[in-house]
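Asker: Handing you a structure now.
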Amino acid sequence: MSVLADNPLLVLFLVVGLGGALGRVRVRGVGLGPAAALFVGLAFSAVDADLANVPSIVPTLGLGLFIYTVGLASGPSFIAGFRGGGARIVVASGVLLALIAGVVVAVIEVLGLDDGARAGLFAGSQTNTPALQASITALADEIASGAVTDPVVGYSIAYPFGVLAMITAAGLSLRRASRKPAAEGGMSDGTTGSAATSATVEVTRADLPTLGELRHWEGELLAFSRVEHQGEVDLATNDVRLEPGDLCTVIGSAQAVAHFTDWIGRPSDRHLALDRNKLDFRRIAVSNRELAGVRLGDLDVEGRFGATVTRVRRGDVDLVADPAIVLRLGDRLRVVGPSDRMGDMAKLFGDSDRGLGEVDAMGFALGLAIGLAIGAITVPIPGGGELALGIGGGPLIAGLVLGTVSRTGPVTWQIPHAANLALRQLGILMFLGGVGVNSGATFADSVGTGTGAKLALGALIVTVITAASAGLLIRWLNPDGVEAAGQLSGFQTQPAVLAFAMERANGDERVDQGYALLFPLGIVVKLILVQFLI
């Protein structure tokens with residue numbers, strides 16, 4: 001054990017590796033995910049207290065990376081969602097979190113526990129990592145002297161209760177899931193559409209508008225790639241007007257395509273994409289940093305190249321292309337056009353695998369520095385204390401704003417999707433693994449005592465109240481059960497609940513939309529509230 005005790009980084013990455021493996025184990029579709037690193041770390045130093053010497057800067061850096069990358073990815077969806085109908089849910093959820101904090105105070109008072117237990121119970125029952133970090137920082141001297149319970153103890157005991165309770169609430173929400181997204185309480189960043197599918201349609205209806213006018217048919221977003229007229233297959237440009245007997249490839253959500261087909265004609269068993277005499281198609285990745293934050297329509301792909309973009313693959317979802325869609329680094333565009341212009345379009349968008357793996361070091365470091373500076377700002381509060389967003393809040397605020405801006409002159413704030421996910425995963429594993437290793441001995445001393453039993457009882461009470469009240473509130477404000485399940489995941493700031501909801505909803509993008517709306521709120525409000533609980 002002396003080798004491990006003398007090499008804290010070796011211990012940390014052993015914990016991260018084992019935690020990553022354990023986190024992939026799923027029971028009925030649910031796993032611990034990155035949180036497994038916390039429990040592995042606790043186990044390591046519970047066995048040997050000499051291992052609890054990971055430098056504090058390491059988990060702090062990990063949390064900063066995690067929070068900032070979350071902000072960058074969530075910014076466009078959160079800002080537009082707040083403007084587009086999600087404000088009621090955001091405000092109501094913030095009020096509910098304040099009431100839940102009051103419940104925690106009452107429960108801890110009845111159980112006779114201290115400030116550290118109160119902060120840990122709140123952070124764990126809400127599965128909120130930044131709140132845990134804030135409480136550890138604020139109580140560092142008291143924890144070192146043994147004057148208060150280490151918040152990690154309450155967090156570790158309450159965390160599983162928080163996950164299971166909210167998974168139950170999300171499951172109940174999905175049972176009432178609607179087939180069509182609700183207009184009220186929904187959100188979109190102007191870059192999020194429906195998961196795309198395609199079909200070839202034989203036109204029977206006469207006197208139709210142009211394809212450009214049909215793009216937003218009955219509120220549904222559609223795209224068109226090819227038209228066959230009198231035996232000739234050509235590009236489906238915006239000024240084309242379909243006639244009876246024409247064949248057309250239409251792209252949209254499965255429901256939209258089916259309804260549009262019934263309205264305009266009937267399904268055809270022809271597949272126009274097989275005719276590549278005039279038109280070809282390929283995926284082109286957006287790696288050109290100058291296009292970050294640019295609207296697709298502003299590039300005039302049809303006018304410049306005689307081509308059209310029909311789909312945008314963002315993450316693991318194919319979205320219907322829309323001129324209003326705002327490009328992000330890492331997007332993959334499905335382009336249809338002349339074969340001899342594909343190279344020119346690839347140059348415009350970048351289409352570089354290397355570019356997709358690179359991060360603008362200046363923009364990323366400067367943005368994170370701005371976030372750290374915001375987090376360092378302190379505000380006096382009644383009673384003589386100070387309130388600060390800290391490492392868990394400042395980088396989130398900076399990420400939300402800069403992720404929405406995307407680019408400022410030569411500085412690119414946005415980073416490619418794959419790079420974002422990699423940094424996010426590494427960051428949260430470093431934080432949870434480091435905190436776990438440094439707290440294992442304290443956890444082992446407390447968990448088998450009366451304090452541990454009281455915290456378990458308190459966790460059960462608080463998490464049941466949280467899940468029930470959040471489920472009822474969001475159900476009242478949002479009738480769409482699928483999106484509501486995502487909002488519950490965001491309210492709980494819990495990726496495991498998100499993964500459960502996504503799996504049960506078959507990858508429906510409304511789950512992600514709901515999560516992006518409430519996740520930033522959950523992070524910031526819980527971070528602030530925990531400082532009032534100390």
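Glycine too: its Cβ is placed from the backbone N, Cα and C atoms.
All annotation found in TrEMBL is predicted automatically rather than curated by experts.
The following feature annotations were taken from TrEMBL:
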- 269-351: domain 'RCK C-terminal' (DOMAIN)
- 61-82: transmembrane segment (TRANSMEM)
- 89-108: transmembrane segment (TRANSMEM)
- 157-174: transmembrane segment (TRANSMEM)
- 361-381: transmembrane segment (TRANSMEM)
- 387-405: transmembrane segment (TRANSMEM)
- 426-444: transmembrane segment (TRANSMEM)
- 456-477: transmembrane segment (TRANSMEM)
- 514-533: transmembrane segment (TRANSMEM)
Asker: Looking only at the domain 'RCK C-terminal' (269-351), how are its residues distributed among DSSP helix, strand and coil?
Answerer: 26 helix, 29 strand, 28 coil
Asker: Cβ under 8 Å, sequence separation of at least 6 from the ends of the transmembrane segment (456-477): give me the contacting residues as numbers and ranges.
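Answerer: The answer is 88-89, 92-93, 96, 99-100, 103-104, 107-108, 111, 113, 121-122, 124-126, 154, 157-158, 161-162, 164-166, 168-169, 172-173, 176, 185, 484, 487-488, 491-492.
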Asker: Any contact between the transmembrane segment (89-108) and the transmembrane segment (426-444)? By contact I mean 3+ C-beta pairs closer than 8 Å, pairs at least 6 apart along the chain.
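Answerer: Taking Cβ pairs at least 6 residues apart, the transmembrane segment (426-444) and the transmembrane segment (89-108) are not in contact, as fewer than 3 fall under 8 Å.
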Asker: With CB pairs under 8 Å as the measure, which of the listed stretches 61-82, 157-174, 361-381 comes out on top against the transmembrane segment (426-444)?
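Answerer: Out of the listed stretches, 61-82 contacts the transmembrane segment (426-444) most.
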Asker: How about long-range neighbours of the transmembrane segment (514-533): same chain, 6 or more residues beyond its ends, C-beta under 8 Å?
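Answerer: Same-chain contacts beyond the flanks: 67, 70-71, 74, 77-78, 81-82, 86, 89-90, 93-94, 97-98, 101, 104-105, 115, 118-119, 122-123, 126, 128, 130-131, 134-135, 138, 187, 189, 381, 385, 387-390, 392-393, 396-397, 400, 478, 482-493, 498.
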Asker: Should anything in the same chain at least six residues away from the transmembrane segment (361-381) have a Cβ under 8 Å from its Cβ atoms, list it; otherwise answer none.
Answerer: 64-65, 67-68, 71-72, 387-399, 402, 411-415, 531-532
Asker: Would you report the average pLDDT that the model assigns to the domain 'RCK C-terminal' (269-351)?
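Answerer: Within the domain 'RCK C-terminal' (269-351), the model's average pLDDT equals 90.
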